[in-house]
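These notes are about the structure you will find just below.
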């Protein structure tokens, strides 16, 4: 692994392709066959495959691949608003915009590029954006794929406005699962959460682990840096690490709501689960010139997995 890290050329492992709308996509690869694909429409990760070629992110078969509509699936960037708790459209406008490749971004800490293939993207507000949200910003996003197949997203939002502004944020992450009834989440036990199905009522998680028997839309508050999603049937565990993101949103639409969504199949709720690193309850406020960083790291491991702090420390958490 050290040899790969020493000689790995991230540019050689990065390819620009176009989708059927003519919009650029960036394909990242690692030496072992894992890959990730990022669309410049929304700065959205639309595919993450392991070394066996298995897709780890869910995309609806009814997803609409045409701007300005965001695609149902992958990892959506929800900014400057998450959900409908504001004046903007659902989840803000960043996921509907065309981003550009940032050829000369300000440096990140060194371990964000060593031994990884990556791409840097940039979003600045258009005149249209400033009319609906009158704050100037620079949003930089790095998506990187490591030698071991881990996927990392680092968002940096800088206030280049003359006055402070506040925003909410989430990495709206659609995980592919075998059967939602066979999935559980560990790491959110005993936490307070907002039940978004009951007018954001504040409740406390009572279970040993979160399992699914009906629609769920919850924002877990002051959640730990790491949670695990265990898929028993597929013998796979997703380990989700986050920094700068105090909340965790858990969502599955279940049967009734699925039938009301035009870009989602009636039975697709069975094969997906959203677990989002987020900053929702307390919006982030930036003074002029200040910058916020929010980091998400996804790992997929075989069989059962318990949250081992030594394992997580080795990955930088």
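Note that Cβ sites are derived from N, Cα and C of the backbone, with glycine treated the same way.
Straight from TrEMBL, the features:
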BINDING   72, 90, 95  substrate binding site
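In this view, residue 95 (substrate binding site) is surrounded by 23 other Cβ atoms within 10 Å of its Cβ, with every protein chain counted.
Contacts of residue 72 (substrate binding site) defined by a Cβ separation under 8 A and a same-chain sequence distance of 6+ are given as 59, 60, 62, 63, 64, 174, 261, 263, 264, in order along the sequence.
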